[in-house]
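Trainee: Mind having a look at this structure? Questions to follow.
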């Protein structure tokens, strides 16, 4: 592809020991001749002077030249590595611009060039930004896995399987004499079921990767005066919510964003759930349910002094029955300082149950470890791949088309409609890696990158 020659500072703005200027495009060699007086040997570090148009030395440092397509962007690339003073770097960029036909790079444009030149796919390009923005070791490991192609590999395997099945179905439709009763002999059904199972696994991994990157939304819910606001304060490490003995003190949604060992956690404190005629409180309860329905996890707060039950169905069946079927729930028996309960975690009917005292902090550290575990924190293991919300949406869309295709096969034996659903599934998956992606989406993704990346 033909691209502009672009330049940008690749290191962070400000004062530092080393500053790097990156140039990419067909005029990179012209810059080398103008600024260095010669073209460095490809892929070799060359210590030399960086000179102005009049021959004065601007700085001294190392020059690296990469001949396209054997470079990060796929274009000719020149890197000038000098001293990290911002004034010096600005002077050097100004000198590069004097060569002519060169412009300042837009945010993420070097990565965009690499994507357009097939040096990496879209998930790998996004992983560069995620690696830079990682807030914990787990996120960095996961981003690196994506950069190395782990996520792309999973998606490509799915695309290949869907494509092969689609071609088989279409061929059998076009040449019916070659395949008798091909829709009912079980071959297509078995292949389709395997793809659905594979996609389920990828979706689960992507959801975990998204939580590591974007954080987990945890909603604290329960009856009034169960200690929800006290737990919010204990997790946040500060007095974010007003705590009183008066039931219904919290009437609106309170939010805190914290990090557990660098992993982002979005905690939502909600109004106590109960039947009430108070209009303001009713609005707060409605907002509480809105937050619950969009949560990744619910901490069901129970006042341990009011019941000895641990099974949430026994504690409050109407509340549990109203929860989304796929929403994870952790039961928190609060006020252990008053009940004298042992601070231990138990499993009850598939629910994790923790005994704590939000007021004194007893058991809160164990609860934090539980939340870290839910977010995929692993202290000694390599991370899985990282994922973004758009990836989850594309996977969900692909899964929907597979389910529709399954219905066309099992209920209607409609080969043409099955093939169409497989085609739509293929398109949804290909959007993840950027094989079929709108220019608007590409612009949105790369514009969020750092300049110089």
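Even glycines carry a Cβ here, placed using N, Cα and C.
So Swiss-Prot has the following annotated:
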type: BINDING; residues: 22, 79, 119, 453; note: (6S)-5-formyl-5,6,7,8-tetrahydrofolate binding site
type: DOMAIN; residues: 215-376; note: domain 'TrmE-type G'
type: BINDING; residues: 225-230, 244-250, 269-272, 334-337; note: GTP binding site
type: BINDING; residues: 225, 244, 246, 249; note: K(+) binding site
type: BINDING; residues: 229, 250; note: Mg(2+) binding site
Trainee: For residue 271 (GTP binding site), what is the secondary structure state per DSSP, taken as helix, strand or coil?
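Mentor: Residue 271 (GTP binding site) sits in coil per DSSP, no helix or strand.
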Trainee: Quick check: in three-state DSSP terms, what is residue 79 ((6S)-5-formyl-5,6,7,8-tetrahydrofolate binding site)?
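Mentor: In the DSSP reduction, residue 79 ((6S)-5-formyl-5,6,7,8-tetrahydrofolate binding site) maps to strand.
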Trainee: Taking the Cβ of residue 79 ((6S)-5-formyl-5,6,7,8-tetrahydrofolate binding site) as reference, which residues of that chain separated by at least 6 in sequence fall under 8 Å from it?
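Mentor: Same-chain residues close to residue 79 ((6S)-5-formyl-5,6,7,8-tetrahydrofolate binding site) (Cβ under 8 Å, separated by 6 or more) are 10, 20, 21, 22, 23, 63, 64, 65, 66.
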Trainee: Validating a neighbour-count step here. Other CB atoms within 10 A of the CB of residue 228 (GTP binding site): how many?
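Mentor: Residue 228 (GTP binding site) is surrounded by 32 other Cβ atoms within 10 Å.
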Trainee: Look up residue 22 ((6S)-5-formyl-5,6,7,8-tetrahydrofolate binding site) in the DSSP assignment and report helix, strand or coil.
Mentor: strand
Trainee: Fewest other C-beta atoms within 10 angstroms of its own C-beta: which of the binding-site residues 22, 119, 335 fits that?
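Mentor: Result for the binding-site residues 22, 119, 335: minimum number of other Cβ atoms within 10 Å at 119.
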Trainee: To what whole number does the mean pLDDT across the domain 'TrmE-type G' (215-376) round?
Mentor: 88
Trainee: Whole-number answer please: how many Å between the C-alpha atoms of residue 229 (Mg(2+) binding site) and residue 335 (GTP binding site)?
Mentor: 13
Trainee: Write down the Cα-Cα distance for residue 119 ((6S)-5-formyl-5,6,7,8-tetrahydrofolate binding site) and residue 228 (GTP binding site), rounded and given in Å.
Mentor: 50
Trainee: Does DSSP put residue 335 (GTP binding site) in a helix, in a strand, or in coil?
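Mentor: The three-state answer is coil.
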Trainee: According to DSSP, does residue 229 (Mg(2+) binding site) fall in a helix, a strand, or coil?
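Mentor: For residue 229 (Mg(2+) binding site) - judged by DSSP and reduced to three states - the answer is helix.
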Trainee: How many Å lie between the Cα of residue 225 (GTP binding site) and the Cα of residue 119 ((6S)-5-formyl-5,6,7,8-tetrahydrofolate binding site)?
Mentor: 57
Trainee: So for residue 225 (GTP binding site), how many other CB atoms are inside 10 Å of its CB?
Mentor: 22
Trainee: Measuring Cα to Cα, tell me the gap between residue 271 (GTP binding site) and residue 119 ((6S)-5-formyl-5,6,7,8-tetrahydrofolate binding site) in whole angstrom.
Mentor: 51
